[in-house]
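Lifted from TrEMBL, the feature list:
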DOMAIN    A:14-149  domain 'Molybdopterin cofactor biosynthesis C (MoaC)'
BINDING   A:74, A:75, A:76, A:112, A:113  substrate binding site
ACT_SITE  A:127  active site
């Protein structure tokens, strides 16, 4: 097996997808931002009106999804038809669970767009909370669901 | 305690740092991309000349560090004076360890730039390897060291 | 009635347009930059060869139209097929009238692209004239015509 | 009088500010988005929890301020030290009043950054409300206060 | 003959391509970065493992191709389906030969994307080598092949 | 000799300039766009009022100079204090001569900004003229003058 993003001479390239049909595609990615319980309490307070950190992170994630091909060198540009982000505080972590759903009609999948939305939303939340908590960790960033295109549906266990 | 990125009315804002002095700052962030052993073998092969995935990811991370304030809504723009990224394959994960070092002389810290470099380098590696491995996970993204500025040196345990 | 850019839980999202057909779309937006008569005279002089401020503003507006989805968080990216800008000095204001025409074949309308072109062209003109006139005002920025898509033709009175 | 953004031959240029000292600067810009009373009611409802359109617009305005030099051709890049936006529903318009405050320590003023923040926040609000109201108008976009630098303090009447 | 990028009144515009069909398109552009023989030796050394300057330049060129419409004012945005870059050291110059191949399915050609990829890859190589050689020159940047669309195949002699 | 943009392990990096003092810097770069005599006649006609292709190219070059660090991976971001571009038709080529002058007060030089301005201005001119002339060539892109910083003044012969 070899990596498709590199030619026979080992040179990186944006692979040719011009022969692929345009199909409806969806990807769902997820991740968590783990934090101290007191930090999570601050997030929850903001939610009820004194500073909506989750709302800011959601916007940052949506905007980042649209810039994925600008950030990831060998990623194809795609006209996204939907981006949505769920950000849920969870005491069991403790921290915030993030999930992004992205759709397009195009020649390549949208996993990278969903993963980028989750990553930048988590970074944005980190930025707003870092004065209160220097030990936060972003983790569990992965693709949960992918559908559309030749490789079919993949749902992670 | 309340979040400094929000005013008394709860409105998000880029906080006023104009009264802070410009000081030398450094931040080191780290993370891992966990993958199957066979995928890690592909990364190692590329390294010896048939497709340098780690080299591509390194460049993406450096470029992303420079665009941090463009991605993270309340982050101050900073003229970075250094960005370096280490990407090391590690069988113990199995996967790739990432670490970013960022320096500036400015009024705010560079943790977000270092975390952004690690995140986008990991996403770029994910993009190049995703055809081979659908179960990769990005995790452990955190600040390891931060120095300069009023809050002094923080080294994570 | 509720806003489509927010889900039932109140979370902002880029709405799903994947089920909409691609149709030919047009939008025309307009606005004015009001200024002192002496400032308008400077604009007119430039036009005849000593510094074409209108030409610079036109280019800025066209470039901004292409970046609309990058600036406006919940706006869908669209491959524009035409952008044109008219900038006309008018003594009756006194000031400059701006109008932008944008076309695409896509799943959403192009009002935001036309409004962004007008706004950034007006800001660019403001920038070049502000040393001469500190009292300029941008106003009357609105959609004059919109056609294509399910909601049909709207021509403002 | 002639325009400083053009040389003697009429060619546009980014003027040389290298001889100017770095000083503390502030600018406040304002504007309004006029709408139907029923549309303003939707904005107010969202504010109390079902979709915070003002919060989204505020973030878009802050991010746009940081990209001013990227949008306005002859504008100098500046490391902003503060950006804040007030968005207030006002029945007397009816509509939303916008005001942006921007600070930097630099060689040029920040009027353009404040005006850009107001304009893009207004466009973002327009985008979220346009399905409900096709007759909205952006107006009254102007500088209210400017201070710092050789030309001193200007407060508009 | 007159230039299509300007209207009858001489105003620049992004021309209307909405009536053109979407067809498969390809363009190949080329160029050279001429340098001293000792500088070329440094490039070759890096290639064998101590600093892959050609690899960095290739990534920069691919990323720049995706941003062509953002850099060139009257250029239409296009969803590229392939970008590949060849960078070959050549003692006969002495220097590095660059060639970029770009494909899309769209309403306009991709010459500008291929030329932008070559130019930015050459600039990136220049940046990495400039401490060693102040006399380098970028030249011979031109379109070698263009196909697809109404004007048919052009192969330069 | 080895390349400073790569570490001892061969990894690319943005080199650490934090110990360098901020000094006044200037760079002048030049280049040519060679074309058929009939194409050059079109450029000259536009200049006298029917479509100012040189004016559009000048703006594109100035804007590109400000985005240099965004395009060139290992380039440091710099707050430019001046960008000016001269574009002169020349029958002796035949074609257009381009020259860019860039100034900053910073820790690194501005050669790359000047070279980027020339390259993007030439590409923009190419774009507007390509329907008339498929044989144009960009060449002679080099640094003519560089001053400021530890390495002193370099004037190319």
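Just so it is clear, glycine is given a Cβ too, placed from its N, Cα and C backbone atoms.
Around residue A:75 (substrate binding site), the C-beta neighbours below 8 angstroms that are at least 6 residues distant in the chain are A:14, A:68, A:69, A:112. The highest number of surrounding Cβ atoms within 10 Å, among the binding-site residues A:74, A:112, is found at A:112. Geometry remark: residue A:127 (active site) versus residue A:113 (substrate binding site), CA distance 21 Å. Between the listed recorded positions, namely A:113, A:127, the fewest other CB atoms within 10 angstroms of a CB are found at A:127. Using a CB-CB cutoff of under 8 Å against chain E, the binding-site residues that qualify from A:74, A:76, A:112, A:113 are A:74, A:76. As a summary of secondary structure, the domain 'Molybdopterin cofactor biosynthesis C (MoaC)' (A:14-149) carries 51 helix, 47 strand, 38 coil according to DSSP.
Neighbour list (residue A:76 (substrate binding site), Cβ cut-off 8 Å, at least 6 residues apart, same chain): A:14, A:17, A:69, A:106, A:107, A:108. Our reading of the substrate binding annotation (A:74, A:75, A:76, A:112, A:113) yields a largest Cα to Cα distance of 13 angstrom. Proximity to chain B, taken as a Cβ less than 8 Å from one of its Cβ atoms, holds for A:75 among the binding-site residues A:75, A:76, A:113. Over the domain 'Molybdopterin cofactor biosynthesis C (MoaC)' (A:14-149), the average per-residue pLDDT in this prediction is 94.
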